[in-house]
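Enquirer: Got a structure for you, written out below as structure tokens; questions coming shortly.
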Amino acid sequence: MMKRIQIIDSHTGGEPTRLVVSGFPSLGNGTMAERRDVLAREHNRYRTACILEPRGSDVMVGALLCEPVSPEAAAGVIFFNNSGYLGMCGHGTIGVVRTLHHMGRIEPGVHRIETPVGTVEATLHDDLSVSVRNVLAYRHAKAVAVDVPGYGPVKGDIAWGGNWFFLISDHGQRVAGDNVAALTAYSSAVREGLERAGITGANGGEIDHIELFADDAEHDSRSFVLCPGHAYDRSPCGTGTSAKLACLAADGKLEPGVVWRQASVIGSVFQASYAQADGGIVPTIRGSAHLSAEATLLIEEDDPFGWGIVS
């Protein structure tokens, strides 16, 4: 029997989000974390069908739309990409909220979105831009040294912004859209060095995002973010910007409520600020998403790549 998966695609600052509206199997009525675990354990091929070629792309982030646990929440969502599952996704949440409005599910205002790492608060503004009040962000360790194969010693901060990041300012790389290959090679080597050295986030959390920062003539900073699976973020990265704000706050370089304009490697911009909280900060990220497609993915029984090209 042919499988059908309904999707709506959007992009946030150039970074695509694929919202899965229907077609996935039931994951039960647990929390988003529990449902994510069921999806990963029992139905992972649905993730690969949506995200991997020939129907998807390494760049894309998937977002499975779920009924929320709390009646006060507008939706639940499980994020995933070509390599696995994400706890939270800032650009993806912006895309999800914009798409929920397109579907007629929400109007401008404040909405709660359940994710595997907690409930985030998102505001859909009248101009259809979206502000996401993220989960607690904090710096776990400062100036951690790691030996990077082929590059030598590198120092960076380890911070949580919804995913684990290694943030580097002194890297000697040119952060520009025409230098992505070199940036990817360098960031991949950093991640390999962290893994070899056994350097992790809190409680052994895998540091699967590498973030490089540089000065920018028009904005506060420009960044390159390597995501899990070796794809880079076209957007400024919501969770990465949250992690950056946590480091700035810890160093006393950014006061609560002051807007930080973070540019991506391709020039798209998020506006970010934070409120102080016990154990860290609560960041708010504002950006815009645009709709790009509505489609039904078809998976024929005899298609050898129906569930994706899995390497």
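We count from 1, first residue shown onward.
Keep in mind that glycine also has a Cβ here, set from the backbone N, Cα and C atoms.
Sharing the features that Swiss-Prot gives for it:
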ACT_SITE  Cys89  active site, proton acceptor
BINDING   Gly90, His91, His209, Asp233, Gly238, Thr239  substrate binding site
ACT_SITE  Cys237  active site, proton donor
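Walk me through where these features lie, including what they touch and how far apart they are.
Expert: Here the Cβ of Cys89 (active site, proton acceptor) has 30 other Cβ atoms within 10 Å, regardless of which shown protein chain they belong to.
In sequence order, Val132, Asn134, Gly161, Gly162, Ser235, Cys237, Gly238, Thr239, Gly240, Thr241, Ser242, Phe270, Ile285, Gly287 constitute the residues six or more apart from Gly90 (substrate binding site) in its chain with CB-CB distances below 8 Å.
Under DSSP, Cys237 (active site, proton donor) is assigned to coil, being neither helix nor strand in the three-state scheme.
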Enquirer: State the Cα to Cα distance, in Å, between Asp233 (substrate binding site) and Cys89 (active site, proton acceptor), rounded to an integer.
Expert: 11
Enquirer: Fill in the CA-CA distance, His209 (substrate binding site) to Cys89 (active site, proton acceptor), as an integer in Å.
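Expert: A Cα-Cα distance of 12 Å.
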Enquirer: Can you name the residues of this chain that are 6 or more positions from His91 (substrate binding site) yet have a C-beta less than 8 Å from its C-beta?
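Expert: Those within reach of His91 (substrate binding site), by Cβ under 8 Å and sequence separation of 6 or more, are Thr12, Gly13, Glu15, Thr17, Val61, Asp233, Ser235, Cys237, Gly238, Gly287, Ala289.
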Enquirer: For His209 (substrate binding site), what is the tally of other C-beta atoms lying within 10 angstroms of its C-beta?
Expert: 25
Enquirer: I'd like the Cβ neighbour count for Gly238 (substrate binding site), meaning other Cβ atoms within 10 Å of its Cβ, all protein chains included.
Expert: 32
Enquirer: May I have the list of same-chain residues other than Gly90, His91, His209, Asp233, Gly238, Thr239 whose Cβ is within 8 Å of the Cβ centroid of the recorded substrate site, in sequence order?
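Expert: Not counting the recorded site residues, we get Glu15, Cys89, Gly92, Gly161, Gly162, Asn163, Val225, Ser235, Pro236, Cys237, Gly240, Thr241, Ser242.
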